[in-house]
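Taken from TrEMBL, the feature transmembrane segment covers 12-31, 51-75, 95-118, 139-159, 179-201, 213-235. The domain 'Rhodopsin' annotation in TrEMBL covers 43-276. What TrEMBL records for 304-324, 332-351 is region 'Disordered'.
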Amino acid sequence: MVSILPDGMSNLEATILFLIIDTIALILRVISRIQTKSTTTTGQFIRYDDWWILAAYLMFASHCILIVCDITKISGTLEPFLVMDSDHRLKMLQLLWIGSIHFPFIITAVKISILCMYRSLFKTTPNLIRCVDITMGLCTIWFIITVCLTIFGCTPIRAAYNIALRLEPTTHCIPYGEIVLGFELPNAILDVVILALPFFVIRDLHVPVRKKVLLFLLFWFGGFVIVTCILRIAYSYQPHDPEHFSGFSTANEWLMIEEGSAILGACVPTFRPVLKTYFKLPKSINDWFSSTLGASTSASKLSKSHSKIKIQPNQSKDRPGPSYQLKKLSTAHLQRGRERQNQGLDTESDESPLVDNKIWVTRHITITK
């Protein structure tokens, strides 16, 4: 029986926790797809972004199995110098090296999944689609470089997980911390770019402010991944340690958190149908938000339009101007309109493109001679 040390237990808990969370997230994503299948324009149950996120989840589950087996069956820790048995240390580092190869596959699959979702949501915005395609190309380049650094960081390759071979003078290795710094920094920059892509489109949408805020929060939920990138760099890159192994266990823990939170962040924007069905706000709160924001917006528009109305200089005082007729709408009429609006929002699909719906206002003018 392997004795699990505190750092091993911490890694074990983080790995299992995010595996459970991502499994639940994937199930909720499937439920959302089932609910919106009949309301989509294409009628597709599974789209490209779903396939990519499924591939990322399977790779993450495989990585989790490697970590769990490593801790519970071999070493009980992820600190190389705490394992006294050289054979156990070699097996532990070999499994960790294989697991680290999963990282670029998982992160790239998540990025492409999010970008594919952007293509379906913002299909009416050509400039954004071009930016999405360019970002996909950059993600592919990052993937190739990261895989090459992970696999071919040492010559011979076995020195990446064999410390005894690594210390020989004929072996050439890029230090672990420098490798992590080399691909995590561009990774964080790409994450910022991907999260910023829909900003200007959502900002210009003619929708209530609370909907804009909700959309921003949904897309920026994945911003936690950037924090994990920074923390992994902080624990991996140790300038005082030539091999950068002093924070190896903690860095691996943040690696698992980064992979798990990336998958979760990519799934959250698809939860909208589930949240609207099972976690609806009370009707009074919805009405309060609608009436407050709607009243403030209407009042400001009315005051601006009122200030712009001026009598034309060439208009005769005897000639009647434009005729206006104000009608007071009944409470029942307003309630029926609100119910129709709510029904329209409830049938709205998360796959429907975010199109800028403008409201056209016309004015009828009657001139009598």
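In case you wondered, yes, glycine gets a Cβ from its N, Cα and C as well.
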>> Please tell me whether the transmembrane segment (179-201) and the transmembrane segment (95-118) touch - that is, whether there are at least 3 C-beta pairs under 8 Å between them, with each pair 6 or more apart in sequence.
In response: yes
>> If you average per-residue pLDDT over the domain 'Rhodopsin' (43-276), what number do you get?
In response: 88
> Counting Cβ pairs under 8 Å to the transmembrane segment (51-75), which of 12-31, 95-118, 139-159 comes out on top?
Replying inline: 95-118
>> What residues elsewhere in the chain lie close to the transmembrane segment (95-118), defined as a C-beta under 8 angstroms and at least 6 residues from its ends?
In response: 47-50, 52-53, 55-56, 59-60, 62-63, 66-67, 69-70, 74, 78, 128, 132, 135-136, 139-140, 142-143, 146-147, 150-151, 160-161, 183, 187, 190-191, 194, 197-198, 222, 252, 255, 258-259, 262-263, 265-266, 269-270
